[in-house]
Structure formats: structure tokens, C-alpha cells
Amino acid sequence: MQYPVDTHTHTVASTHAYSTIHDYLAVAKQKGIRLFATTDHGPAMADAPHFWHFVNLRVLPRMVDGVGILRGIEANIKNREGEIDYFGDYLSQLDIVLAGFHEPVFPPSDKATHTEAMINAIKSGKVDIITHPGNPAYPIDIEAVAAAAAEYGVALEINNSSFEVSRKGSEANCTAIAKAAKELGATLVMGSDSHVAFSLGGFDRALSIIEAVDYPKDKLLNRSPMALLNFLAQRGHKSVADLMPLFSDDIA
């Protein structure tokens, strides 16, 4: 089954990625992806786009050739307080806010520090999805994070790239996260974390973990465009109302 939604992609605006929005649209058409989010790295990363890049995402059309585009960011969790590198009224202009740990911004520390930072980001109300929480470089209290995610309605990502090109050794942590999410009622989402358009919608490794723990697929945000849009609307993203009529034939 091809899941029709991808929440995590990077364009040439993050200079260690290699595809344009046009490239992603072309691959989306080929693969049957109906909705994807463009989520370049937050401005605290050395090669991230300027702050204005995210402000001006409003110029992107809502849909091109039947493919919807979400305007987003993969922000950086900066400190133990869970602060991220995108803020203020600008956050409300985005459709989706991802956030995670990245070594150049928040060097790995200890389990207690990582857990506190991640839970504070979850509690902040500013973050919709925590990216690659299974990164072995950042050990966390998985049950505590999953419980917070369930309580505050934040999704946890099973990052497909973590099993292929980066964050080697993530399998055990991601399996534990999926199990905890199932037991505690947290929402999961699969992210390709594409840095080149060819991997858009590539979820094979992430899906194998989700299936191994028997996580309910009717809770996966990738299951349909409306499932994700409803989730984002419930989290206060009024901007996604523009997209909802375009998927009026969709079953959440």
C-alpha cells in the first residue's frame, strides 16, 4: 500500500538537500502522493534557509496537478526548556511545525536532559510532530515522552531515513516508541525525511516497525490527507482550512 501523505521533506533551500518543490511535485504524481509538507530546517542550522524563507512560503500554491502542499518547517529544539528556532506570530502562518534534535544546534547530552527538552517542546503547544525521536545519539525516557505526546496531542515520527542513511541503530528505539505509542494512545506518523525527491513517500522500513508492534493503522496520520488536515486543524492551524475543500472527497 502506498500511503498518500508525507509530512517530512527538505528542498534545496536546505543546502544539504538536492530537490526543488517542482521535483517533489513530479515524484508525488508518479507515486500517488496526494499531500506532502515542505519542511526545511529551521534557521538555527548552519545551512538552513533564512527566516524569510518560511515567512514567504505563503506564495506556494495550495495544490498543483492534484497534489496538495503544506507549508512547514522542521524546527530545532534548542535547549532544555524545549524552545525552538521559529517563533511568534510567524508560527501561526505555517500549516505544520515539526521539531527535533540536531547535533549542530543541541549537542547530545544525557537522557534526563534530552527527555526534559523533548517533553517541554511537546508541552509548548508550538510543535505538531517530534521528528526522529528514536535517534540513538539522544536517548530519552520513551514512556514519558509517549505519555506527554498522548496527553498534549502531539505526534511522534517513525523516521524512515533513520534506517537507511542516517541515525544508524535507531531500530530498537523506534520499535519501543511504536509500542509505547500503542499502549499509551499516542499518535504516530511516518516521515520519509527526504533530502532528494526520489525518496518521497518512502516508508518501507518505518512501516515494518509499525506493523511489527501492531500499531493501529487507522491512527497513522499518513493514512489520508484529511486525517492529517483534521489533526492540524485540531491543533489550531487555521490555515489548513484552505486545503480541506480540495480533499472533500477524501475519507479521513
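Cβ coordinates come from backbone N, Cα and C, glycine included.
Going through His22, His132, His237 against Swiss-Prot, the one listed in the Zn(2+) 3 site together with Glu74, His102 turns out to be His132. His41 is the only one of His41, His50 that Swiss-Prot places in the Zn(2+) 2 site (with His16, His195). Zn(2+) 1 binds His8, His10, Glu74 as Swiss-Prot records it, and from the list Asp141, Asp193, Asp204 the residue named for this site is Asp193. When the alpha carbons of His102 (Zn(2+) 3 binding site) and His10 (Zn(2+) 1 binding site) are compared, the span between them is 15 angstrom.
The CA atom of His41 (Zn(2+) 2 binding site) is located 5 Å away from the CA atom of Glu74 (Zn(2+) 1 binding site).
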